[in-house]
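Below is one structure, written out as structure tokens; comments come after it.
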Amino acid sequence: MANHILLWVLVALTCSIALSFEPSPMQDFCIADPTSTARVNGMVCKDPKMAQALDFSFSGLHITGNTSNILGSKVTPANVAQIPGLNTLGISLARIDYAPWGINAPHTHPRASEILTVLEGTLFVGFVTSNPENRLISMVLNKGDVFVFPMGLVHFQRNVGYGNAVAFAALSSQNPGVITIADAVFGSNLPIASEVLSKAFQVDKNIVESLQAKF
Ligand SMILES: *[C@@H]1O[C@H](CO)[C@@H](O)[C@H](O)[C@H]1NC(C)=O
């Protein structure tokens, strides 16, 4: 009897570990049905008999993103929002364009690790390990180089070359999510009380308020 209980505890533990990432599909595919109002973990499947090649396809990653913005970068996603056939499959893709000296600002993906490859240009890239070390792990990448950003860690890229840069990133979620640190901390809706941010960042409330005004 005691052995049985132990076995079930082990099974339960193993399952909960496996489920900390996106669960494996239980059918060939589950094309997202954006018209369904049902709320599930992922999206509702449309009738598989109605599956078409276009459900698994996206066009446009050859198009240069418009980097005329304050950061000098543009992300073009290809995730389940653009490709309904990605639903339940645990992968997605993005193209990132960078103007000279443009940055992809520090951010995290709450649901995905990322593997990025440089197609054009030179990028300085890095991520920061979790507390208490907060160690910056960074390097310069050239065309053809690949770098990994582990799940959940804050990371960034900066174009340090003289021309435009282009990278493609693959992510281990159909819907990786993005938390841009500056927007989340200083641009939340409603704002986080400046008393909180003033203590957290060890700066005067005026500095916090001027940062909040920018986001
Ligand atoms: C790029 O974005 C800027 C700022 O939003 C806009 O003024 C400009 O027309 C855009 N350029 C193209 C080619 O779409």
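Every residue gets a Cβ built from N, Cα and C, even glycine.
Database features, via TrEMBL:
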type	residues	note
BINDING	N104, H109, E114	oxalate binding site
BINDING	H107, H109, E114, H155	Mn(2+) binding site
DISULFID	C30-C45	disulfide bond
DOMAIN	68-209	domain 'Cupin type-1'
SIGNAL	1-20	signal peptide
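Every protein chain shown contributes to the tally, and the Cβ of N104 (oxalate binding site) ends up with 25 other Cβ atoms within 10 Å. Of the recorded residues, C30 (disulfide bond) and H155 (Mn(2+) binding site) place their C-alpha atoms 31 Å from one another.
Under DSSP, residues within the domain 'Cupin type-1' (68-209) fall into helix, strand and coil as 22 helix, 57 strand, 63 coil. On a Cα basis, H155 (Mn(2+) binding site) lies 9 Å away from N104 (oxalate binding site). Looking just at the domain 'Cupin type-1' (68-209), the mean pLDDT is 97.
Long-range C-beta contacts of E114 (oxalate binding site), restricted to its own chain and to partners at least six residues apart, with a cutoff below 8 Å, comprise V148, F149, H155, A169, A170, L171, S172, P176. Taking a C-beta cut-off of under 8 Å and a sequence gap of six or more, C45 (disulfide bond) has these contacts in its own chain: Q27, F29, C30, I31, A32, D33, N87.
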